[in-house]
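**Q** Sharing a structure with you now.
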Amino acid sequence: MRVLVLGAGVVGTTSAWYLARAGHQVTVVDRQPVAGNETSFANGGQISVSHAEPWANPHVLPRVLKWLGREDAPLLWRWRADPAQLAWGLRFLGECFPGRVRRNIAAIVSMALYSRGRLQALREELGLQYDHLERGILHIYTDRDEFSAALDAARVMRQFGLDRDTVDVDKCLEIEPALSGARHLLVGGDYTRSDESGDANKFTCALAEHAKAAGVDFRYGLTVERIATSGSEIVGVLVQHSEGGPERLTADAYVVALGSYSPLLLRPIGVGLPVYPAKGYSATLTLAEASLAPTVSLTDDERKLVFSRLGNRLRIAGTAEFNGYNLELNPVRCQALIDRTRQLFPRLEIVGEPTLWCGLRPATPSNVPYIGQTRYRNLWLNTGHGTLGWTMACGSAASLAEMISGRRPEPEFPFLRC
């Protein structure tokens, strides 16, 4: 079968790989000049099954009220004259009830555990190098109320098979000695030994090269303009060349893996997709003295930040700014990343200035992505992974390839139709 994948981020590229391995003839189109050049470019770097608690949960409303008026708030909502933003926000509130949160955690943990296993197998098979570390993820807490709330979520995750262990401050420092300068700030943590970290951009570029060798055709510099339909089928995709005119591409099946831009393409053909961009920030520091920086990946739950060691670099990433498709760097939010890093690692030494970046995460109200078939028989989705695109990429892609090939996917997951 000829399959056209729209998007060459980590989700689109893994989709192309698994589809090619399933025997399909695959073409990937992307507006960028290389794979992994947008949302996958400088994210937090965590393979974090332990990050499965959805943003929508019973604790979020008090937190949002506490953060009102703060430009550096972990979650910043900028009201816009945008019906999609309002509709998304209302659905988000509906996902905050305990029963829905438990259901969403179950789905995310199931897919994330499966995906981590597929990533490990792929890394071993292909010998992929992407600054990966298998030292687990330590969630740290500097607020006792936040720590108490996190214990409830950790208990639920353990019920679904995740090894998330509660630890005291001494154990936090034993796991990651680089936190010794922040001992007076910490109140506790929890640790998932089986989690990992690595550079999503390096992984995506490396896998794209293997996919090319396996026969996948990557066509860069093509902007997807619209999808053409006839009845219950997709009959083509119109693209615009960065240097040239339009072109119509056809295939037997089509996969939309365009992240936050997916709903803009799907809305005109009647596929409503509650995905909204959540802008995340990152700062990448080149280390002057490696021994002073963490090697265990960290999640600062109070500030919604993650810290991942990537070779001789330290990546700090996180927060969520709901501001439409705006990609401007907010200097206050950028500085908040640096300030928190200095608080936690006061002895850290770096070379030069931090490299600052922001990207748009495709967030669903439930944090559960959309993977599966639409009402058009040959149109498939793999999008809406929010902060967990890197974590769930391999599992989502392998599952999608199974479904397109007419087989039942392995994970227990609510594969959705729109």
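Cβ coordinates are placed from backbone N, Cα and C, and glycine is handled just like the others.
According to Swiss-Prot, the FAD binding site annotation covers 3-17.
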**Q** Fewest other Cβ atoms within 10 Å: which of the binding-site residues Thr13, Ser15 wins that one? Let me know.
**A** Thr13
**Q** In sequence order, which same-chain residues at least six apart have a C-beta under 8 angstroms from Val3 (FAD binding site)?
**A** Leu19, His24, Gln25, Val26, Thr27, Ala251, Asp252, Ala253, Tyr254, Val255, Ile404
**Q** So, three-state DSSP: helix, strand or coil for Val5 (FAD binding site)?
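**A** Note: Val5 (FAD binding site) is in a strand by DSSP.
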